[in-house]
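S.K.: There's a structure below that I have some questions on.
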Amino acid sequence: MAPARIIVLISGTGSTLAALIRAAQAPDSAFEIVGVLADGDAPGLAHARQAAIPTAVVPLRDHPTRADWDRALAAAIAELSGRALPDLVVLAGFMKLVGPAVLSAHPGRIINTHPALLPSFPGAHGVRDALAHGVKITGATVIEVDAGIDTGRILAQRAVEVHEGDTEETLHERIKVVEREMLVDVVSSLAAAPAPQPA
Ligand code: GRF
């Protein structure tokens, strides 16, 4: 079976993307990364360029409305993907909500990773909120993206203990270690699964 073709969206340092690139470079990988897209000049794009993966940048500020940006994002994903739409769109530290244009172009084929155990602590500050709440266990979650804020179907979760003296940075770094491994596992299993047959 040909490897599944995936597009990855990032906003930041891209350590999660780097883990996906390493996995995709393995000889028996069930997926290949055909493009990486960012919503600004994300440092993580360097990982894609080093691996000679095509990249694109679609900043929100370059578009008059959110809906225009969302349409431009959908067009950029299609362009990066070339001959056919991607089998999977992976949000790996993409810090913006995708809208109806992107969601309707890839129904059921967009996943996101979040650094907390959803449904607890959704949104942009999952690690900070968990720490502030004083939980002893937090972790990471991979969801199927829907139109809500981190409300999609849960595909996988892994727990991470909160240590005495943890800061947002120290806790987030430990969560990321688990998150990278889990996201690679989820992408690999979705990629290996036979494509759903049209009804
Ligand atoms: C991950 O923890 C992700 O859940 C969150 O941002 C982080 C991205 O890290 N939204 P990196 O940019 O891949 O290092």
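Cβ from N, Cα, C; glycine included.
Automatic, uncurated: that is what TrEMBL annotation is.
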S.K.: From R49, R66, R158, grab the residue that TrEMBL records in the same (6R)-10-formyltetrahydrofolate site as M95, K96, L97, V98, N112.
M.R.: R66
S.K.: When neighbour density is defined as the number of other C-beta atoms within 10 angstroms of a residue's C-beta, which of the binding-site residues M95, L97, V98 has the lowest density?
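M.R.: Candidates: the binding-site residues M95, L97, V98. Fewest Cβ atoms within 10 Å: M95.
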S.K.: Considering only the recorded positions R66, L97, V98, N112, H114, D150, which possess a Cβ situated under 6 angstroms from at least one atom of ligand 1?
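M.R.: List returned for ligand 1: H114.
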S.K.: For the (6R)-10-formyltetrahydrofolate binding residues given in the record (R66, M95, K96, L97, V98, N112), what is the largest pairwise C-alpha separation in angstrom?
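M.R.: Site span for (6R)-10-formyltetrahydrofolate, by Cα atoms: 20 Å.
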S.K.: Hey, does DSSP put H114 (active site, proton donor) in a helix, a strand, or just coil?
M.R.: strand
S.K.: 10 Å Cβ neighbour count around H114 (active site, proton donor)?
M.R.: 24
